[in-house]
Structures are given as C-alpha cells and as structure tokens.
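As recorded in TrEMBL:
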type: TRANSMEM; residues: 12-30; note: transmembrane segment
type: BINDING; residues: E14, E53, H56, E155; note: Fe cation 1 binding site
type: BINDING; residues: E53, E104, E155, H158; note: Fe cation 2 binding site
type: TRANSMEM; residues: 72-91; note: transmembrane segment
Amino acid sequence: KFQRQYGCRAMMLETVAAVPGMVGGMLLHLRSLRKFQHSGGWIKALLEEAENERMHLMTMVELVKPKWYERLLVLAVQGVFFNAFFVVYVLSPKLAHRVVGYLEEEAVHSYTEYLKDIESGAVENVPAPAIAIDYWRLPKDAKLKDVITVIRADEAHHRDVNHFASYIVFILLSFCYSLE
C-alpha cells in the first residue's frame, strides 16, 4: 500500500515536472529563431531536463501500473499545468524558473521520504524496472532504492539549475535595462 501511495504521488509530481523544461526550451527556441541569437546552451539544457523528467514518469508508470482514471488525471493535470506554466513563462521567465526550483525542492523532499520508508521496510525494495536500469545504466540487479536514489539526485540537479536560471535571468534583465 505505501509503495502505491508514493508511486502515485511521484507519478503526479513527474507529470507536472516534465512540462517546464519543454515549455522553456520551446519558448527559448522560438525566441532564438526570431532574434537570430544563440541560447548559450539553455535550450538543450531545458529539453534534456524535460526528457529526464519524462523518464522519471515512465519509471513511475512501470512501478505503479496506473488505472485508467489515474491516467486520465495525469492528462488533466498536465493539460492545465502546461497552459498555466506557458503563460507564466511568457510573462516572467525568472518567476517560472523559481517556481520550478521550488517544485523540484518538493520532489527532493518526497523522494527522501520515499527512501526512508524503503530503508525502514515500510515499502518493499522491489527489483528496479527495466526502463530505469537501461536509462540510468544501473546494475541488472538494481532495486527500487537505487532507482529512487538516482531520481532524487536528478531532482536536486534540476532544482539547482532552475534556481540558477532564475538568478541568471534576473542578472541578464538587469544588465539589458542598464544599457538602455
């Protein structure tokens, strides 16, 4: 029961977390095309983050085996969040990256709690799904604890990147306005 609870929570978190990198990457890509400017690697970084978060979701789907109504909920949450985040990113990339940084902090906390319950035995340390073993190049005998550990590390990295991106946007905007 605990494993399913954590898995469903993680699945919902990952549904939301997979959106910002794609939205940010797409908007920066379009801006780069319009202005004939490079992005300094940010487009690639954001799209890689989106792909990584998608793999978190695919892993959780393998672990949880969501029912049809949970899949429908994933679609609804993703649809609402995509549109809301798109608007926020257009209005304030700084705010958008800061919000993502905080969402990633919540993910790190959630995965830390998940790990504690695996270590205490409250959640069974089942074999890792093949998709996770392949993506993170884990040993063939990897367990759930190994998967949650690498996902938590990814989330911590995404947290840091997004807080840094928020800071950089602030610095760049300040610099641009000082030139006017």
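For all residues, glycine too, the Cβ spot is worked out from N, Cα and C.
What TrEMBL says about a protein is an automatic prediction, not a curated fact.
It should be emphasised that the depicted structure is a prediction, and the values quoted were computed from it without experimental measurement.
For the Fe cation 1 site, the Cβ centre of E14, E53, H56, E155 serves as reference, and the other residues of the chain with Cβ at most 8 Å from it are A10, L13, A17, A18, N52, R54, M55, L57, A107, I151, D154, H158.
Other Cβ atoms within 10 Å of the Cβ of H158 (Fe cation 2 binding site), summed over all protein chains shown, number 24. Other residues of the chain with a Cβ within 8 Å of the Cβ centroid of E53, E104, E155, H158, the Fe cation 2 site, are A17, E49, N52, H56, V100, L103, A107, V108, D154, A156, H157, R159, N162. Residue pair E155 (Fe cation 1 binding site) / E104 (Fe cation 2 binding site) shows a Cα separation of 6 Å.
The least crowded of the binding-site residues E14, E53, E104, E155, judged by other CB atoms within 10 A of its own CB, is E14. In terms of C-alpha distance, the listed binding-site residues E14, E53, H56 place E53 closest to H158 (Fe cation 2 binding site). Sequence-distant contacts (6 or more apart, same chain, Cβ under 8 Å) of H56 (Fe cation 1 binding site) comprise A10, E14, A17, A18, I151, D154, E155.
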